[in-house]
Amino acid sequence: INSTETPVKEKHARRIILGTHREKGAYTFWSYALGFPLASSSILSWKFCHVLHKVLRDGHRNVLQDCMRHHSSLVEIGKLWAHLHDKYGQLVALYTKLLCTKMEFHVKHMEIPPNLEATDEVLERTAGTDINNVFQLTVEVFDYMDTELRLAETVLRQLNTSIAISTLTSGQCRLAPLIQVIQDCSHLYHFTVKLLFKLHACLPADTLQGHRDRFHDQFHSLKTFFNKARDMLYFKRLIQIPKLPDVRTQSDGGEQMDIFDQTFGPPNGGFDDRDLQIESLKRDLELLRAELERVKAEAQRYITQLKSQINSLEAELEEQRAQKQRALVENEQLRMELEAMRRRNAEYDSLQTTFIEAEKRAQATEQRYNKLKEKHTELVTSHAELLRKSADTVKMLSATQQTQDEVERTKQQLSFEVDRIKQEADMKVGCYSEYRGLSHITGQTSPQTFSTICVFWLPLSPICLFQTSVQMNSSMTALQAEKERLMRSVSEKEAELSSLRQAAQVQQSSLQQERERNSRELGELQGKLQDKASQEELLKQKLLEEQFALLQGTVTEAENIIQDAVAKLDDPLHIRCTSSPDYLVSRAESTLTSIDKLKKGHAEYLTNMNDAGALLRALTQFSHLAADTIVNGSATAHMAPTDHADKLTENCRTCATESLQFLKDLKTKITLQKADPAFIRVIVQKILHLGQELRPKSMDIRQDELGDLVDKEMAATSAAIEEAVRRIDEMMNQARKDTSGMKLEVNERILNSCTDLMKAIRMLVVASTDLQKEIVEGGRGAATIKEFYARNSRWTEGLISAAKAVGWGATEMVESADKVVLHTGKYEELIVCSHEIAASTAQLVAASKVKADRNSKKLSTLQQASRLVNEMAANVVASTKTGQEHLEEKDTMDFSGMSLIKLKKEEMESQVKVLELESQLENERLRLGELRKKHYVLAGVPLDQVSEGNGETFSTTHPVSMSPKPTKPTLMKKPALAQKPNIPPKTMQHILDLFVNS
């Protein structure tokens, strides 16, 4: 629904209608429709009314109630455009009145659906048995028909009913809603006839004279409308228009008789008033009885329905309560899980803090243990030194003891010597005394005896005794001094030994105490180390559990993200979303990268389950990118051909299924080892391949060359048009020299129209170039022109393609005109070239308009130039057809001289030729369709858009899919009274018209 003067595309209307059936209403449609500027564009309002008419006819049954909420808005729009002098404005006023009348009628009579496809039983039930209700219903149907016919007459009055107008987009924009009008009128005509029969069965003809006159006028208007529409080529391809009977028939007497009088009887039935009254009373009585029975039956039916509704509502209420209870339980569970997760996170933080503190304490204990170990080593070394000193002391003590023993022995020897010396001294003293006595005796002894005594005592003289005594005294003194020295040495050694013994005892006691203290501290440290090891084991176990819990939480969140993406595939609102293949390719490539990271993180987690950080980061990135790929894949499928769309949608769903299976494997420790994202990678690669296939095929141009290429192509197009104008002038001068008469007139007319068309195209190219410069200057900002073209590469490629098409069309038209003037070509080639140029310029206008400001003056200039090109192309077609009619010789058909058999033979040959031409026509149609399909594949345009935009239908086989997503909607069937024709055209002129329309 836009302000372009083209008919509404069927595929868009079908999507809206399917959306109402999925949504069971038109809330979304009206939410978007309220944002349309209906008061600013009459064409926009006209196309909106057309779509609303389609939605009312073919949408969900609840659409009528949703549309009635906006009844006042439609009335205001109609009043607004009724006061404005605009052709489309007058049509919008009539169309809004028709829609309001349609909604009011069907809201009042809910049994009749908005598409008017009601059986005779439904119509009888709606009319009832009360003749007044029948009479009133007939009036309402007449009013309904009047609004339909007024709209149709106004549209046909504004249009020229020739083929050229009905095949232009501007004419088709006005004619498109008349398809729904024809469908409505065919059913309303049937309702009117049935109701008039019912009225004539109960009321006299005079009473119904107003109804008869009104039906007579509507019949004539409807017949005229159907006859005009049947002659238009536009309707022949879309709908089969029913035929109404002739108004005048031949009676038995041979005179003309009105069909209404023949059907319903003469105006005056010839009955007596009393008879009529009696019959009327009888009928009223029967009707009242039937009405009473019907009321009873309806009351009983209503009671049953109400009871069933009450039961269903109670069941729904119970279900809602159960759902509410389940939702509350789930909410409570989720809240408890959230609280548990928070507590686990807090416990994890506290455990992490405790673990850090324990590590610090362990480090401090380790340092203290090392210090104690060093101190213990020092003590052991000191103890060994003391032991060595003690051994030395013991050795010295033993040496001192030996010395003391030697002193004791020496002392004993000395005492013994002293005693011996004393004895000898005593003995010598006794001898001395005896010697004194002997001297006294000598006088008395003999000399021999004296000599003997002298010999014996002579050595014991006093001198010798004195010397001996002196020597003994000196020896005694020396011995006494030595004894004292030795005694002092012994006392000193004993004192030193006692001090060494005391020091050794003190050192031994301190070593014993230090050893006991070290053994106690070592036991305490070993106990702490054991506690620390057990605590570390517990912390490691808790860490593993926390890491796995975090993994489960991340997997659950990833599943929710993937499931949300899958749910969007079936969301009716998602049908409006579209995406480009380029963006899908970028998303798929990012997803493949994330799958590699996910596989690496999974392997790292299996190697070291204490750290799940890499896997968690990869899971988070993968879930978002996979969901993005699924959603954008579905959005790209909305704009893709049917085969690619079905494959892309199926692959998106398979990707979601494989992703959920992989996430499910990650949630349990049993299946954690076998979880493998390889299947997901294969599916994403398929999506990537499909996206690459859907990308436009003109990507072989580098981005930095696009800006220069646009200027080159626009310049080449201008040069081609200038060259075409020059060649046409040369051909005109040559034709004036070589031809004369009617041929010269025809050639001049054709060449003049071609020249006018080229001038109009040149004006359009200039206007497009100016608008393009304005777009670039307004949108590039601080970037350069080449950067702007590179950033908007798709739009730039559209401009390049359109410019190439315009230049090529101009060249081909000159060649075709040259051949026509030289009588070596066909007029049809020139007609097709003119239409091709008009289509190429329309493409150029569309490519220029897509980024232009709506209020731009240069855009208005471009649109005026586009309309001028269409007019000049129509002039070329008209001039060519006129010249063809004037120059071609038509054979006169004179069959007067033929016999019956000859005529029959000619008739059979003509039928054979007709069949051959029909076969050729069908083959050419198929060939044309395949050529167009290949052309649009190379141009990167979805085939479903092209087929509906050009009136061609390409039959594609939908693959069987278990996917719940509905396939592409096909054309909806028309009512039984207005079906598509199955008989192909059988004249060469129609073949040419089809080529012209194409």
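Counting starts with 1 at the first residue shown.
Including glycine, each Cβ sits where the backbone N, Cα and C put it.
Annotated range for coiled coil in TrEMBL, selecting from 196-223, 476-503, 532-559: 476-503.
TrEMBL lists coiled coil at one of the ranges 232-268, 861-897, 898-934, namely 898-934. Among residues of the same chain six or more beyond the coiled coil (476-503), those with a C-beta under 8 A of the stretch's C-beta atoms are 390, 393, 396-397, 400, 403-404, 407, 410-411, 414, 417-418. Across the coiled coil (898-934), the model assigns an average pLDDT of 81. Shown for the region 'Disordered' (506-527): DSSP residue counts in helix, strand and coil, namely 22 helix, 0 strand, 0 coil.
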